[in-house]
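Listed in TrEMBL for this protein:
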| type | residues | note |
| --- | --- | --- |
| BINDING | B:70-75, B:104-108, B:128-129, B:141, B:150 | NAD(+) binding site |
| BINDING | B:183, B:246, B:263 | Zn(2+) binding site |
| DOMAIN | B:66-178 | domain '3-dehydroquinate synthase N-terminal' |
| DOMAIN | B:180-323 | domain '3-dehydroquinate synthase C-terminal' |
């Protein structure tokens, strides 16, 4: 088993990565827990619910199952409230533990429910998608969407541990693997050029879920994200670079309606756009932009942005949390493996967005 | 101006107490704030909204007014969402500051909105009721009610400062003053016998809002609460004693329906019941119980609990956050000025509750 330790002012916790880790979930539950709430969705429960429940039952504690409807479209208040209803109806107290078994949506909602229930109870993340394993389970971001913007309501709240079972990737659709790999290569692009090159060399092994390759990719991604988060838990500085590709990506998701593209797909496409913007503003070499485009395509992500129309693109990006005093800011690359968070001239942004529309015609 | 400094792991902040403090609100807004959202209710806005707005406008920043419907009955998700709607519609970013101008409900909701908006923005508390000044504005408890329980959804989230203007108490109804004084004498009962005796001696001056007496009472209450909170921000130990009278009080509020009794009135009555339970379990002398009853009545609080019926009382108390593994726990007094948090025998509890019903007949 690999362990990555995450240290933040809000709490320290381990990430355990191992094939078959699901069967050892009892180890993640503190002895003084009064009950366990397993928050999941029907799809994940169908695959892994019984195994997880059996593992958790080894603690001898009550395991309450809470199934949420599947998908980003349900990452909202009414669905979150289903968790609160269940917790209160079953009288779980503040020493209960939430176990969030599922992808990013389940993790974000299970974590936010834990952050808010009785002003905060403990929770364990068990991410079952590649995207959640390498991204949303690390760093304590939890929350829900608002009709006017994604992830607008939430909390920074750390789990007591993250339990990653690499076996569960076997049941993921290919699109989900591609979406997860987009975040993997993102870490290389913003902070570790060597890891980016390693991904280029192992792209076929990664797509085929070769155990050794995928385990290393998850571990390295968690290490890199843990490093960034430990420097800056509350996103006042360095952490912002993790949003590379996300300002474009969030606009794609909001513009097409949540759930049309997977989050990772939108980020993958957004990374290509952010690389193009980096070329115009920071002089990222054309050959590097080509590498970003080629690897994004090779992992199976779309690289052609939808034609939302430039004014709509800009409007959607303005509501993003990364605006400050109304000015649009982006994570941009001076070169592969380095990132900066700064305002981009509107002129350059328009050129990137106009190009997208032209390409589509 | 008096200043009480509060230090917790989640943040340090000052409480400023002064007559006319409202006119100096601009001093509480950080220079890098991008906008100010004034969260209040129509009643408070009618009295103090223009003065507060004028004071905040001295910063030169945009002041957005967000009025929430008045009262505990609206301390719920749909009302909280009005704040999020307004913040997003007006594109306030994560460097905006919320100023919560009002009583406990506005403070709890404004604070919780600040805790959740974009995963946390800064907020300033401007409590305008005596209860909020001495209790809910200190310690970082924020949140909303759920149909199955009071304050079940929330966060520990500290303001950047608390601004207390003692002049605003002049427009409060007498019931609100009594409710606030209940929390004032609570601090004496749980931690400072001398302050309790001072309250007994100055009860008429306090009810009449004598400036010197009320200022000292607010300052001493904030000091005592700040001391407790600084020892234990997240209520794992000492902080629990602040809930003296609250387990009974919450049952009264939930049993009669929120808004029938003021929170402080319910707590006042609950303190008398908790003193009676303390006599049965910890040997609190009958003379001390009589002092609690006498002072609670003298400040103008009801001391006769409603006849909910013993089974309903117990059911309501079981959903309270202070249960652990299903066992009922109470803050109890071995003597005036000392408190312990412990389980009470059901037999003794029944005697207290049955007495209440008998007294009513």
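Just so you know, glycine gets a Cβ as well, placed from its N, Cα and C.
Taking the Cβ of residue B:72 (NAD(+) binding site) as centre and 10 Å as the limit, one finds 20 other Cβ atoms among all the protein chains shown. The Zn(2+) site is set by B:183, B:246, B:263; from the centre of their CB atoms, other residues of the chain with a CB within 8 Å are B:131, B:135, B:179, B:182, B:186, B:245, B:249, B:264, B:266, B:267, B:270. Following the DSSP three-state reduction, the secondary structure of residue B:129 (NAD(+) binding site) is coil. Ranking the binding-site residues B:183, B:246, B:263 by Cα distance from residue B:106 (NAD(+) binding site) puts B:263 first. Residue B:74 (NAD(+) binding site) and residue B:263 (Zn(2+) binding site) have their C-alpha atoms 14 Å apart, to the nearest angstrom.
Per Cα geometry, B:150 is the residue among the binding-site residues B:72, B:104, B:108, B:129, B:150 nearest to residue B:246 (Zn(2+) binding site). Looking at B:70, B:108, B:183, the binding-site residues in this record, the fewest other C-beta atoms within 10 angstroms of the C-beta turn up around B:70. Other Cβ atoms within 10 Å of the Cβ of residue B:129 (NAD(+) binding site) number 28 in total over all chains. Residue B:104 (NAD(+) binding site): 24 other CB atoms within 10 A of its CB, across all protein chains. Rounded to the nearest whole angstrom, the C-alpha distance between residue B:70 (NAD(+) binding site) and residue B:183 (Zn(2+) binding site) is 21. Residue B:183 (Zn(2+) binding site) and residue B:108 (NAD(+) binding site) have their C-alpha atoms 17 Å apart, to the nearest angstrom. Just so you know, of the binding-site residues B:150, B:246, B:263, the Cβ with the fewest other Cβ atoms around it within 10 Å is the one at B:150.
Of all Cβ atoms in the protein chains displayed, 19 besides its own lie within 10 Å of the Cβ of residue B:74 (NAD(+) binding site).
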